[in-house]
Every structure is written in structure tokens, then in C-alpha cells.
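K.L.:
For reference, TrEMBL lists these features for the protein:
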TRANSMEM  54-74  transmembrane segment
TRANSMEM  150-174  transmembrane segment
TRANSMEM  194-216  transmembrane segment
TRANSMEM  237-256  transmembrane segment
TRANSMEM  262-283  transmembrane segment
TRANSMEM  295-315  transmembrane segment
Amino acid sequence: MIGGIVLSLGNLATQYAWAFVGLSVTEVVTSSITVVIGTTVNYFLDGKINKAEILFPGVGCFLIAVCLGSAVHASNAADNRAKLNALSKMNEVEAGNGLVPSLNGAYVNEGGLKDVERGSRPEEKAKPGTADFLVQLENRRSIKVFGKSTVIGLGITFFAGFCFSLFTPAFNLATNDQWHTLKKGVPHLSVYTAFFYFSLSCFFVALVLNISFLYRPVLNLPKTTFKAYINDWNGRGWALLAGLLCGFGNGLQFMGGQAAGYAAADSVQALPLVSTFWGILLFGEYRKSSKRTYILLIGMLSMFIVAVGVLMASAGHRK
């Protein structure tokens, strides 16, 4: 049940971190922290059944990925500030020429509406990577990030990673009782029974925290009510699908951990490779960024791929 609590806290923190740090960096950093702490703990809990000479170099690669992820976020934040500053200066020039900014980022002149970057069709979406795109994204999202320190986003990300690093060791203890808390002759919990209590506590914490945040929001989010939440089904289907996928993935991870060691089962943290695909190709993250940001991003993902492969190679067999 403790494992379910920390997973619920980590999931909630991750959703806030996405707004500040972006999908790609958030997933890489949280997953790497999960492996660095959680895998090391699981290695000793599992009686060292994983190959240490392979496992710990992989953990080191994850640690390097964390550092590169932080550098990617800082570099990308600097790129975004430069884009916004350039847009601000351009707005000042256009205003001096008699153009008046409109609410949607277009400008009004004698010929009607004119968009600075896209001609005379302001209804079109801005291209990913442009300053207009960043402004439109900021206007759409509920969590406002402009003017916020990069330390806030990274702090939330590291907190999420710390929470995630504890839930598999807790589940490991629940199913294998390495601390000998059960009386002699009492059978250990099966993976499926432990998973039931794990899911129950995860659901309870998520329910309490999310309802509390409706009435006492954080990060300057607007207040709302439980009734309004129930009536708003915009995007709810995606949320339910995400919950089902998360639960299904957790169950498979625990089954694999019981068979081959929970340290090796943490190779499921390869999920950032998928989320980076979503973030870069579909959501437009890091479009039109600097060469420095691209180099750091490629280095982070390359190190992560190596780390996941090494982690899988360290698998042992539980007796």
C-alpha cells in the first residue's frame, strides 16, 4: 500500500512537471532517478541475483542521462526566452508603425487582420517551434509557465522521480518479505494480491489529492468544484485510457520482477523512448531549438538507450 501511495504522488507530480519541463525531459529524468535509486535498492533486496558488473554500469549511464536531461531543459528554456524576446521586440516595432496587437497574436491595420508570421490568416495554428506557438500553448494550458524559474520544474521532476524510485522496492518487500515481518509459516503475498492493495491505495490517494486540489489549487490554477469536474468530459477518455495502460504496465512489471528480479524489471523505464517520440514528432517539442539543445537531446537519449540495454542484460533468475 505504501508503494501505491508513492506511485500516486509521483504520477501527480509528473503531470505538473510536464508543463514546466516538457514530456521528453520529464520522462527521462524521472525514469533515470527511478533506476538509480530503485534499482540499487532492489538489487540488495533480491539477494544480488542480478549481475552487478553489468547492472551498476547501466545505473551509471542513467545517472549521466539525468544530468544531460537537466542540461537539455536549461538549454531549451534559454532558447524559448530568446524566441519570446525577439517576438516582443518585433511587437514594439510593429506597434510603432501603427499596428495594434489583437488578442490572438495577429495585428490590425488598414487592410484588416494581418498575422506577423503567417500573413493574413490568423485563424491558422502557429508552426511548432515559433514564438507564436509558445504563446498559443501558454494561453491554452491551465498551468502557466512563463516567467517561472526553471528550478521549479526541475524540482517537481526530481520529486516525482524520487517517489517512483520507491514503489517497486515497496512491492518487492510485500511479495518477498526480505525484512521478515511475517510470522513463521505465514505465506508471502502473491503478486496479484499485493497488486490489489497497491492499486487500492494508489486510487485512494489520487482521489483525495485531486478533489483537494479542485478547491485548493496550487501553482495559481483556477478553483473549481467536484460537480464541475464530473460534468466536464473534455479529454476524460484519454485520461481513462492512460490509467488503464499505467495499471496494465505496472502489473506486467511486477510479474517480471518476481521472475527475473525487480532490478532488471526496471528496464520498463524505457518508456521515455516512446514519450520522446510523442513529444518531438507529435507535440512539437524542441522544434527550431539551438544546435546546443539538439546535441544535448541526442546525447541524453543515446545514453538512455545504452542504459536500458545494459539493465536488461543484467537479469538473473529468482530461485
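Backbone N, Cα and C atoms are what each Cβ position is placed from, and that goes for glycine too.
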K.L.:
Under 8 Å between C-beta atoms and at least six residues away from its ends: which parts of the chain pack against the transmembrane segment (237-256)?
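P.N.:
Contacts of the transmembrane segment (237-256) (Cβ under 8 Å, skipping residues fewer than 6 from its ends): 7, 11, 168, 171, 175, 191, 194-195, 198-199, 264-266, 268.
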K.L.:
May I ask which of the stretches 54-74, 150-174, 262-283 has the most CB pairs under 8 A with the transmembrane segment (295-315)?
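P.N.:
The stretch I would name here is 54-74.
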K.L.:
Could you pull out which residues elsewhere in the chain have a CB under 8 Å from any CB of the transmembrane segment (150-174), counting only those six or more residues past its ends?
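P.N.:
Distant Cβ neighbours of the transmembrane segment (150-174) are 2-4, 6-7, 9-11, 13-14, 16-17, 19-21, 25-26, 29-38, 41-42, 45-46, 66, 70, 73-74, 77, 189, 194-195, 197-198, 253-254, 257, 262, 265-266.
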K.L.:
Under 8 Å between C-beta atoms and at least six residues away from its ends: which parts of the chain pack against the transmembrane segment (262-283)?
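P.N.:
Same-chain residues near the transmembrane segment (262-283) but 6 or more away: 22-24, 27-28, 31-32, 34-35, 38-40, 42-43, 45-46, 50, 55, 128, 168-169, 171-172, 249, 252-254, 256, 301, 304-305, 308, 311-312, 314-316.
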